[in-house]
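Inspection log for the structure reproduced underneath, given as structure tokens.
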């Protein structure tokens, strides 16, 4: 009797196959750092002959870049005192923290604030599996602050992620606000200047208009007087023409006698005066409308007699 191939797969063989599969999976998923130990050494990447400067009263910090594999090492800071490196005591003025990102990790030492006694040489050391690794030294030069040293910027709490008790504002953050305020005030100042110029021009024009009004009124009064004078003369000339029309029928001798008698009577009243006689002729007005209505009349001339 022949056996079926499906009957060869027994529970025992299936269990052995599953164990073999798990072993292969664990080998393939093992960390590459576990297989290659040389590429996974702890490194402290502080540059040789590093030096930093600070002023007393500043919030200061120094960093120790650390490269490690899986387990993070125990990192500490120490300060050199002669031939020894004394570990630093963490307190309110000195504290440490880890700063990690995608590219690298760093163990940071914070001075809040830094004092003149903090001047010296500092070293970062890492301890992993009883193996101690020391970094290069960092020299910190602390200078006492005076009134002339206020131009140096301060490291504030905005630069330190773990500082929570910092109360001083950042001077670098205030400068952009002042520049934007200056840019906003410039258009306002120019608009106020233009408004002042427009108001000044309107005021000058109003003064000139007030000065011109009296001169215009005087000129108009003179024109009206000049226009009114010919009208009165025309009315007198019309009256005279109507009166002189009576003497047209008289003979020349009677008119001479009457003129002599009138002249003699006037001279007796005023012996030292001068008698003027007006010419009786029509005066043509300035306006063409009034001149068209006046009828021309004959002109009479009178003699003037002067006696001393």
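Including glycine, each Cβ sits where the backbone N, Cα and C put it.
Swiss-Prot assigns the feature transmembrane segment to residues 184-204, out of the candidate ranges 163-183, 184-204, 205-225. For residue 49 (N-linked glycosylation site), the count of additional Cβ atoms within 10 Å of its Cβ stands at 8 [all protein chains shown]. If you take every residue in the topological domain 'Cytoplasmic' (205-308) and average the pLDDT, you get 55. Here the CA atom of residue 85 (disulfide bond) lies 16 Å from the CA atom of residue 64 (disulfide bond). For residue 78 (disulfide bond), the nearest of the recorded positions by C-alpha distance turns out to be 124; the candidates were 40, 49, 69, 124. Working note on the disulfide-bonded residues 78, 124: by count of other C-beta atoms within 10 Å of each C-beta, 124 ranks first. The shortest Cα-Cα distance between residue 40 (disulfide bond) and any of the recorded positions 49, 81, 85, 124 is the one to 124.
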